[in-house]
Amino acid sequence: MSKPVRMEPGVKLRDGDKMALIPVKFMPDPNEEVLRKPDWMRIKLPPSSQKIEHIKSTLRKNKLHSVCEEASCPNLAECFNHGTATFMIMGAICTRRCPFCDVAHGRPLALDPDEPKKLALTIKEMGLKYVVITSVDRDDLRDGGAQHFADCIKQIREHSPQTRIEILTPDFRGRMEQALEVFRETPPDVFNHNLETAPRMYRVARPGADYKWSLELLRRIKEMHPHVPTKSGVMMGLGETNEEIVQVLKDLREHGVNMLTLGQYLQPSRHHLPVKRYVPPAEFDELKDVAMGLGFSHAACGPFVRSSYHADLQAKGEEVK
């Protein structure tokens with residue numbers, strides 16, 4: 001009999017330890033044959049560069065986190081080489097345990113009250129003109145962390161008034177009203193919240209989340225701040241159908257969402273949900289045409305597209321694949 005996993009404050013649980021705590025009957029079979037990556041999914045990673053090392057050392061120096069590293073993003077080298085990073089606030093331990101995600105699960109530590117200012121000064125030091133701020137889920141906080149997002153927005157605007165700010169938020173489960181009150185006074189320049197997958201896949205892929213709740217959050221933000229673009233991201237390759245994805249796009253548009261990212265799911269480890277299929281680039285192109293036909297102002301669709309991948313270009317309406 002396996003030893004029960006202990007939840008100690010500040011301890012990161014990953015891979016098998018994290019997956020053992022997911023309260024769903026279906027679990028990936030570690031012995032299941034892994035699909036071979038097709039040619040279009042093979043990229044040559046650039047060697048480490050001064051820019052990559054500078055960004056990593058800057059983050060370490062200021063005790064900050066990037067989702068690029070914590071979620072093992074395949075675009076890390078490209079983005080860091082371009083001098084961009086997506087900052088992850090409120091620590092690197094998530095209270096959720098989604099089996100597609102590589103961010104660690106556990107009991108997070110208390111918020112760092114100095115983080116908003118440290119983040120703002122780091123952004124100023126790096127000379128960033130467009131930043132994406134995301135976070136782990138913090139179901140332990142009364143407002144789900146909304147005020148901490150707002151504090152970061154205020155500090156960035158104080159120290160770098162020309163910098164545009166996109167936030168990629170959790171769903172504020174059970175705390176939507178508190179979060180909306182916070183964002184009423186401190187909206188970002190772009191509000192992003194990912195649906196991640198089709199509703200049929202939620203029980204397996206997003207335990208603890210609710211498809212309709214996420215759509216309602218996006219709708220309420222748009223209703224409150226009509227001038228703020230709203231954005232959402234979806235993965236493919238978890239077992240959904242293209243027809244289900246098209247319905248997700250329709251649902252997003254019906255809830256006022258302006259911008260879309262659509263990319264290929266990649267399995268972080270053998271303990272995570274397996275890739276059920278690799279979607280050919282031509283299908284992403286077709287889905288982009290569908291998205292634009294539905295009225296999205298911008299749709300970044302391609303195998304390596306992620307929520308914050310070239311987010312500055314997405315916000316300008318430039319082509320991203």
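Along the chain as shown, the residues are counted starting at 1.
Cβ coordinates come from backbone N, Cα and C, glycine included.
Since we're looking at a predicted model, the values are computed, not measured.
As annotated by Swiss-Prot, [4Fe-4S] cluster 1 binding site applies to Cys68, Cys73, Cys79, Ser308. Summarising the annotation, Swiss-Prot assigns domain 'Radical SAM core' to 80-297 and lists sequence analysis as the type of evidence. Taken from Swiss-Prot, the feature [4Fe-4S] cluster 2 binding site applies to Cys94, Cys98, Cys101, supported by sequence analysis.
The structure, with features from Swiss-Prot marked on it.
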residue	record	CB count, 10 Å
Cys94	[4Fe-4S] cluster 2 binding site	26
Cys98	[4Fe-4S] cluster 2 binding site	22
Cys101	[4Fe-4S] cluster 2 binding site	23
Ser308	[4Fe-4S] cluster 1 binding site	28
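The Cβ centroid of Cys94, Cys98, Cys101 marks the [4Fe-4S] cluster 2 site; residues of that chain outside this set whose Cβ lies within 8 Å of it are Arg96, Arg97, Phe100, Asp102, Val103, His105, Val136, Asp137, given in sequence order. In the three-state DSSP scheme, Cys94 ([4Fe-4S] cluster 2 binding site) is classed as strand.
In this structure the alpha carbons, written CA, of Cys101 ([4Fe-4S] cluster 2 binding site) and Ser308 ([4Fe-4S] cluster 1 binding site) are 15 Å apart. Cys98 ([4Fe-4S] cluster 2 binding site) and Ser308 ([4Fe-4S] cluster 1 binding site) have their C-alpha atoms 19 Å apart, to the nearest angstrom.
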